[in-house]
Amino acid sequence: ISICKVVTEFLRKTGRVLQAVQVYKECLVIIPSQAQAINSSLANAPCYSKLGVMFQSYGQYDKAREYQDKALAIAVEIGDRDGEASSYGNLGTIFQSLGQYDKARKYQEKALAIRLEIGDRDGEATSYGNLGTWFRSLGQYDRAREYQEKALAIKIEIGDRHGEATSYGNLGTVFQSLGQFDSAREYHDKALAIKNEIGDRHGEATSYGNLGTLFQSVGKYDKAREYQEKALLIRIEIGDRDGEAASYGNLGTFWGNLGTVFQSLGQFAKAREYHEKALAIKNEIGDRHGEATSYGNLGTLFQSLGQYDKAREYQEKALAIKIGIGDRHGEATSYGNLGTVFQSLGQYDKAREYHEKALAIKNEIGDRHGEATSYGNLGTLFRSLGQYDKAREYQEKALAIQIEIGDRNGEATSYGNLGTVFQSLGQFAKARGYNEKALAIKNEIGDRHGEATSYGNLGTLFRSLGQYDKAREYQEKALAIKINMSDRHGEATSYGNLGTVFQSLGKFDKAREYHEKALAIKNEIGDRHGEATSYGNLGTLFRSLGQYDKARKYQEKALAIRIEIGDRHGEATSYGNLGTVFQSLGQYDKAREYQENVLAIRIRIGDRHGEATSYGNLTGLFLSLGMYAKGYDYLMKALAVRKGIDDRRGEATDYSHLGQISFKRGEYDKAQEYYEKALAIHMEIGERERVPVNYRNLALCFQSLSKYDVAEEYLKKALLLSRDIGLNLSELYCLCNLSVLKFSHGHLEEACSYLFQGIQKFDTLRGFLKENDQFQIALLEEHGTFSYKLFSRLLSSTGKPQDALYVEELRRARGLADLMAARYSLQEQISSDPQSWCGIQRIITKEADCACLYISISEDEVRFWIITATGAIHFSEKKVSLDQNNVTGIVPELDEFFKEVFRSHVILSEQNCEDFKTSLDLCYKIIIAPVVSLLKQQPEIIIVPDSCAYQVPFAALADEGGKYLSETCRIRIVPSLTTLKHVQDSPPDYHSQTGALIVGDPMVGTVIYKGRCRNMPPLPCARKEAEMIGGLLGVRPLIGDSATKHSVLQAISSVSLIHIAAHGDAERGEIALSPMHPTLLPPFPREEDYLLTMADISKTQLRAKLVVLSCDHSARGQIRTEGVIGIARAFLRSGARSVLAARWALDDRATEKFMTCFYKHLFRGESASESLHKARKWMRNNGFDKVSQWATFMIMGDNVTFDFGN
């Protein structure tokens, strides 16, 4: 029998459980045959007991109970009180594993009573320890501590060093549950020291594992990993395949624990590897309980990665095993985990069902700690659904239990959850109070991870309150902790939160940087859910800057991921964001389709808060369409939901929308009433960020009611508050509104003063964007144009046309001119300081025989400045009244008219020639006729267009006699006079005098373009064009598959002439080249593999005198503020002296003839402007007399010449 015990113990510890069980069964067969020598019942009892312990270890609880019952029956029959107590204790542990806590306590107390009766001090200590573990499982931590301390006292008294160490470990676990991490570490360290001293390698591994779990709890992941690896090495060394913690029934194996560490670090691939190793061992040794735990861990991992279907599959496997082995506690845990998965999937009814199942079991088995967890989960679920009263009720139930059982860590979590609920309700003071309580506890118990979470929550709260400096401070505190802890997942979250703060501050470049950092980490760690969030954040950022194409691209990426991972809630959010983008683009049908899709999803999943938001978004859409009755109906639905869920913040938003409807209807008193309701709520809940908007809305009402003094008072309040909380864009809007108010009263000096302050504020915003030219342009178009235009208009109307010209130049020169100055190492030429406003006319005097036509366009007015070759400035203005049939109505009339000239006639190849001619005639009358006498005095005109006037083919404008402007004058376009000056002042040796890069017909093939597969066919005429020019210049062109993006970027910086004939997209400013190494790429090359973008060009340093872009455009040009097709602007910015660009696609034969003629003259040493002039003339005289054939090219920048002899 003794040999049997030794052999089976060795087999059990080395993971060969089935062999151990077989040996015990053989012992039970042998013992009766030796009955003469020994009492067989006495011998059988230990074997039954050991078999029971073994079956329990591997989750086979029915078998374990069967054998323990047999052992107990024998012990009672033969009067073995010690054996009887041992069996009661073992049965108590089995019932505890099954979650049958009342039975477990009953059996442990029976064991204790017998041991007290027979004076078994060692057994008494064991019973106290078992009861302590029982109380800890139920969350009764004070009782657990009391019993473990009783066990410890006895172990010390009887000199049982091994037992003493076990008690220290148990107490360490109790203190950890209480959130008293310093005490927990102290006790685990004591346990480890004794185990080292007595040479207990198995116990030593257990202590290292406990310490690893402790360090993980406080976010010290490097230490956690170190200790778990120490535990692993010992267990491998001693052959302990089980590796369970002896003192309190560790639910995870070593591999599972280490996997959880890597998961917390965001190293999900490593985590999966370790969890799968744990699962493999559990399967191998037949441990059903451990197998279920590993499935649960893998489910949690897949959920973290946003792989919800896999998460569900693994949690359901865990649940099936736990039900199969009768583990009620584990069953409840699996229900809770599945509830969280269903919540992530937006299946809220299922989520609630599973959380309630978990809660019912936890109530039934008396698990107070688990009960609190279930209440917390249900509270989070109800918050997601916008049912805030229920959310609060359940979080408060969780909190009450956690305070009752002394769970400090859980208490802090509940405070944080309640803070989030109150923030959603707009009760910001309460939200702050609860989050600060959570932070205080996390600091007190040393939970660094929880501390970072609390800082992040407070940062989000302060952002909602418009306290951006505080928001940034708290998010940076959270970030610092997460970086220190190597928590990559948390680091990414903090970067995203900071990005949102910087966006609110108008620091868009910084916002983009932080959102992209977040995205990079989420890609790196494989967090699909987080990746979608980052794409959504970037989409929102680009939309706020008016970069709708980019906004759409990022929102579509977010949507694709959310659909892929089954995130219904996130899917609805993405559809809503895309709807807003389409609305901004004026694509109202598409916007409505997306918003209605969102509403349907939110109603289906029971998201009441989201439902109200969708009604509000649809209201905004109907307001844009002027469908006020429809908007009102949706608003009433939104308001009803908001009041039902007590969403004060949303209620205020709805009142603002009602104010807008009333205002649009001219019901100003009603609008005032609604705006005041919105203001009252925002002030009540402390949402300061929204208060300036309410003030501005009220000011508009009072202005419309002719209460100008009151309107001014509200605007000044809005201005002061915007400055106080750092709302830069809001401050800009307030200054503009004040200037309009003063202008309407005829107080022009005050109006100019406010506008000047507005321009200075805009300069501050520009400063945040550093050298991000695209963001500077987008910022100007979306938020700054109005200030500059109105200021210029005011100055010209007060007899200061020259100052007005400087303001116009300031608007157009910013961004491109600043970057060109940096490229050429020149000083900035113009700023918002009026001291710099001089000498602009001298720029034209440096140009030979030129006049400059400077154009500014408002809704119904065109202003002109003519600067002659002598530097004299002539100013005039013309009011314009257009027939409404010429425009589509939503954008300002003249802007829309010029767009129509280009879109409807030039791109459509003059299908309606009469309409086209009428439009061109009208353009001539509006732009050229008022100043023609001054222009015809010089052989060349330099035009500085405004806004959509870039769409006008100036060369094709004809006088009443039918004579084209380009017949009498050479025409050159410049974005601003300051950019021309930078080219004039560039160092003489800056631009290359030799070398040419000729690119033609890149082999693009099938690629991913705008998110879809697209085949870009060959361009045989582009190839012929490149070969012709290459032959003329004696240069070998890059053609076909040699015209890769890599080859072009390598050669582009050193040459004097660049010519590109390829597919182009004038809307996005991109050129399609041959993909780099197609065999090394995914099935279809992505855009970054073959598209030459504005961003690519901006990173190069060009020395070219002339860039020719002969592109077959797949879209029309998107005109930017300085009036340059995007890619041409990028070439100028990067150092090119001049750009010749095609604004629309030209037929192949016309292109060939045009280029042959242009280069013939250029090769003779004539200037680019003269060569263009003569090429146009030749085309008109040789059968290419349609405007679409000869007027497509325009030259921008300097008038360069070449010495091709060199």
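Cβ coordinates are placed from backbone N, Cα and C, and glycine is handled just like the others.
What TrEMBL says about a protein is an automatic prediction, not a curated fact.
Pulled from TrEMBL, these are the features on record:
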type: REPEAT; residues: 85-118; note: repeat 'TPR'
type: REPEAT; residues: 125-158; note: repeat 'TPR'
type: REPEAT; residues: 165-198; note: repeat 'TPR'
type: REPEAT; residues: 252-285; note: repeat 'TPR'
type: REPEAT; residues: 292-325; note: repeat 'TPR'
type: REPEAT; residues: 332-365; note: repeat 'TPR'
type: REPEAT; residues: 372-405; note: repeat 'TPR'
type: REPEAT; residues: 452-485; note: repeat 'TPR'
type: REPEAT; residues: 492-525; note: repeat 'TPR'
type: REPEAT; residues: 532-565; note: repeat 'TPR'
type: REPEAT; residues: 572-605; note: repeat 'TPR'
type: REPEAT; residues: 652-685; note: repeat 'TPR'
type: DOMAIN; residues: 924-1198; note: domain 'CHAT'
Cβ pairs under 8 Å between the repeat 'TPR' (372-405) and the repeat 'TPR' (332-365), at least three: yes
Mean predicted confidence [pLDDT] for the repeat 'TPR' (85-118): 85
Residue counts (helix, strand, coil, in that order) that DSSP gives for the repeat 'TPR' (165-198): 31 helix, 0 strand, 3 coil
Same-chain residue ranges lying at least 6 outside the repeat 'TPR' (572-605) that approach it to Cβ under 8 Å: 346-348, 532, 536, 539-540, 543, 546, 548, 551-552, 555-556, 558-559, 562, 611, 613-615, 617-618, 620-621, 624-625, 890
Range from 165-198, 292-325, 452-485, 652-685 with most C-beta pairs under 8 A to the repeat 'TPR' (532-565): 292-325
Same-chain residue ranges lying at least 6 outside the repeat 'TPR' (165-198) that approach it to Cβ under 8 Å: 125, 129, 132-133, 136, 139, 141, 144-145, 148-149, 151-152, 155, 204, 206-208, 210-211, 213-214, 217-218, 245-248, 369, 406-412, 441, 445-447
Folded-back contacts onto the repeat 'TPR' (125-158), same chain, C-beta under 8 angstroms, at least six residues removed: 85, 89, 92-93, 96, 101, 104-105, 108-109, 111-112, 115, 164, 166-168, 170-171, 173-175, 177-178, 247-249, 329, 366-372, 401, 405-407
Number of helical, extended and coil residues in the repeat 'TPR' (492-525), per DSSP: 31 helix, 0 strand, 3 coil
The repeat 'TPR' (532-565): DSSP-derived helix, strand, coil residue counts: 31 helix, 0 strand, 3 coil
Residues of the repeat 'TPR' (332-365) by DSSP state, where helix covers H, G and I: 31 helix, 0 strand, 3 coil
